[in-house]
Amino acid sequence: MCPLRSLLLISTLVLLHHLPHLSLGRSLPITTAGPGRSCLDYSQNLLRAVSNTLQKARQTLEFYSCTSEEIDHEDITKDKTSTVEACLPLELATNESCLASRETSLITNGHCLASGKTSFMTTLCLRSIYKDLKMYHMEFQAINAKLLMDPKRQVSLDQNMLAAIAELMQALNFDSETVPQKPSLEELDFYKTKVKLCILLHAFRIRAVTIDRMMSYLSSS
């Protein structure tokens, strides 16, 4: 029989993937000890940072259709990464059974697993998370550069969020990875830029919840 914890995790990941409009204010219980604690700290910090940034943006841009119900949801990682699929628990990712072996392992350079040794599937998961973070980091930097040119200076990105993304990327340590996307080069329209910011923040918060749940799972495994 499949471990109940694995089934709960995959149910959550699939739900987050297909229902982006859900409210995600609560997190799954986490374990504070064991391997992966460092990256769990970073993922929790990232989730707090993006949640705070989104809340501030919704308050500042209340006339820009910045609520979850008003925006057009967009996933910039679609067809470019496969984090939900890559982060399936190994028990559910092999031959559709719960008898998968954990013997296959790789040596990783990151700090998300205390031993530095992890399964092939876990490495794929962490690499996909890194690519997600890198894509969003590039997009947020491009948007922030435009916002800083706005004479009104109505809103700008919280540097704490950008720092939180960078910290988790550094901990994952897949520096050689390339991402299949460059920041979009649109005309300098500050209204569209602010709407785009709202769209990205909502999407990234959902992804941050997924990442936090996955780090919690790895930490307690």
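Glycine residues also receive a Cβ, built from the backbone N, Cα and C atoms like all the rest.
Candidates considered were C98, C112, C125; Swiss-Prot assigns the disulfide partner of C39 as C112. Cross-referencing C2, C66, C125 with Swiss-Prot gives C125 as the cysteine bonded to C87, criterion being a recorded disulfide. Among C2, C66, the one Swiss-Prot lists as the disulfide partner of C198 is C66.
If you count neighbouring Cβ atoms within 10 Å for each of the disulfide-bonded residues C39, C66, C87, C112, C198, the highest count belongs to C112. Straight-line distance linking the Cα atoms of C198 (disulfide bond) and C39 (disulfide bond), rounded to a whole number, equals 26 Å. Cα separation, C125 (disulfide bond) to C66 (disulfide bond), rounded: 31 Å.
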